[in-house]
Amino acid sequence: MRRLDVGPGARLVVATHNPGKLVEIGALLKPFGMDAVSAGELDIPEPEETGSTFVENAVIKALASAVASGLPALADDSGLAVEALGGDPGIYSARWAGPDKDFDMAMETVNRLLGDNPDRRAAFVCALAVAWPDGHVETFEGTVDGTVCWPPRGGNGFGYDPFFVPEGFDETFGEMEPARKHEMSHRARAFALFVEACLKGA
Ligand code: ITT
């Protein structure tokens, strides 16, 4: 497992163009004092996500940014997998919101497809990939189980957050304080594995 430099002066590209993810990954990285810069700020184009799994797409994004910038890059591929829909929208979670990134529409689509199915189980999944300019890659995955609710509730977070109630809670991710979501989210779980492997004691 390859480690990353940490502390002042250590630069890392956060290979995302999603502002919601950028806020969350920035907060997770903050304690490590790294100089995190986003792919958007560096004008790195978004690669086509041609993978068939979260991990494959995270690797595509991390490698594209690492090679383009000459710096290590961290990418996140994530989404909502609904059990009764065979795991959809899954890796297509962003695409179900269309070019206008209309997540009200995406949540409505999922709810319509579920109809009166009583099985509302779903999971948020996050794959993180860190890539170096020489092509080396490490990957980590985190999930959080829960259910989807209707109507969506809460204005915090982004994407499908108002639609998802994590197991053991009454609030949706959209209603929760961001700090509470960060304690248990799919992204936080994948990030904890990344920290253990690549940052701790580095
Ligand atoms: P990048 O590829 O630039 O990172 P993206 O939005 O296209 O941005 P993805 O392909 O990984 O990213 O799509 C993931 C979608 O899944 C994202 O747009 C959200 O709608 C949803 N999603 C992922 N994590 C989420 C979270 O913590 N809360 C709510 N929705 C989430």
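If you go along the chain as it appears here, the first residue is 1 and each next one adds 1.
Yeah, the Cβs are placed from backbone N, Cα and C, and that goes for glycine too.
Taken from TrEMBL as is:
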ACT_SITE  Asp77  active site, proton acceptor
BINDING   Thr16, His17, Asn18, Pro19, Gly20, Lys21, Ser78, Phe158, Gly159, Tyr160, Asp161, Lys181, His186, Arg187  substrate binding site
BINDING   Glu48, Asp77  Mg(2+) binding site
Spatial neighbours of Thr16 (substrate binding site) that are distant in sequence (at least 6 apart) but have CB under 8 A: Leu22, Ile25, Ser38, Ala39, Gly40, Lys61, Ala75, Asp76
Reduced DSSP assignment, Asn18 (substrate binding site): coil
Glu48, Asp77, Asp161 as recorded positions, winner by CB count within 10 A: Asp77
Pairwise Cα distance for Gly159 (substrate binding site)/the residue listed as 'active site, proton acceptor' [Å, integer]: 13
Annotated substrate contacts Thr16, His17, Asn18, Pro19, Gly20, Lys21, Ser78, Phe158, Gly159, Tyr160, Asp161, Lys181, His186, Arg187, maximal Cα-Cα distance (Å, integer): 21
Binding-site residues near ligand 1 among Thr16, Gly20, Glu48, Gly159 (Cβ under 6 Å): Thr16, Gly159
List of residues, in chain order, with Cβ under 8 A from that of Asn18 (substrate binding site) and at least 6 apart: Ala94, Phe158
Per-residue Cβ crowding (10 Å cut-off), top of binding-site residues Gly20, Gly159: Gly159
Cα-to-Cα gap, the residue listed as 'active site, proton acceptor' vs His186 (substrate binding site), nearest whole Å: 11
Secondary structure at His186 (substrate binding site), reduced by DSSP to three states: helix
Ser78 (substrate binding site) CB neighbourhood, other CB atoms within 10 A: 28
Cα proximity to Glu48 (Mg(2+) binding site), best match among binding-site residues Gly20, Ser78, Asp161, His186: Ser78
